[in-house]
């Protein structure tokens, strides 16, 4: 707004009023002001600046006035363009022009000088914990705790949540620290922090040690020793046995499935004894789910596993890989029925869970049937027909994988909804108004 007013006054000829509006922080304006003051002292007595029209004396020629006016206008226009760098003793600092490039570089100075944000410091360690997998492990423990027939407490729930999360983070951190050379060879794992050099293997081990000790201590103090022992054993099973067997034998998948079955046992043991058969149905559910989920995932990246040196069923025995995925998909039916049979859920859970289990079993069956056809003698020796069949097998494997991602939370949520006794109040006569 001041710039617009000054421009108007320049063109209208009221230069002194213009110099009152334009701030005296630009050297060119200071020069213009001094020039005007010297010229005015020869024409009339000194007076304060005001907005009145300039009175010209008779002895001032038109050429002289025009020359002074041109100098002042040029100085004012230069100031309004904000690109004058002329030094002046009237200012306590040098005026320097700053372009957009310097401003952009200035914004990046804190990062360039080594000052990192909290996310830049903590981000690699959060990735070490495999947050999505850790959340799934933590939720499976919480769901099992919620399904327990015994009463729950807030302290136990918080301790179980934090302790299970830290134990899972510890196991995943050790796993990444042991396999950077192998993870570097797979597209799926190339972005891991140890592979990218954001964290060294030793830093990953230290992170895992701190997480594991704190997590186990929280489970011991806030829940009970049984849950703490299960949490510590899960760290050892995943980071040592499973990780070591990945490069030796296909049985590694079965060991990995055990680590997925332990969190439900931890949740159940937080409030109830492990002698109840219902908790083993929950553990079996998580154990069986690992196979259709992982076998179909590994099928589509089987060549990467092979090149990285991981011994997986997907490339060692493709027919067995598909058969195992179907076998454990079908095992979901009796396990869910067992939850109703042993009084964990009501009888309607058998219907709901059968629909969800049937959805995954359908795609697992198509995957197995296609692989069985692809590796038959007639098709396997025909390269064109085999390649055509593998395209379909890849599609069915991908379908089964994504169905499994939705299947597990659906089955667990339905179990909580159908927990035994949850809806008894709706059908009871307690609290009924008496006429």
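Every residue gets a Cβ built from N, Cα and C, even glycine.
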Transmembrane segment range according to Swiss-Prot, out of 107-127, 191-211, 212-232, 275-295: 212-232
From 73-93, 157-177, 346-366, the residue range that Swiss-Prot assigns the feature transmembrane segment: 157-177
Given ranges 51-71, 135-155, the stretch to which Swiss-Prot attaches the annotation transmembrane segment: 135-155
Residue numbers, six or more beyond the limits of the transmembrane segment (401-421), whose CB comes under 8 Å of its CB atoms: 136, 139-140, 143, 146-147, 149, 285-286, 289, 292-293, 296-297, 300, 332, 336, 339-340, 343-346, 348-349, 352-353, 356-357, 359-360, 363
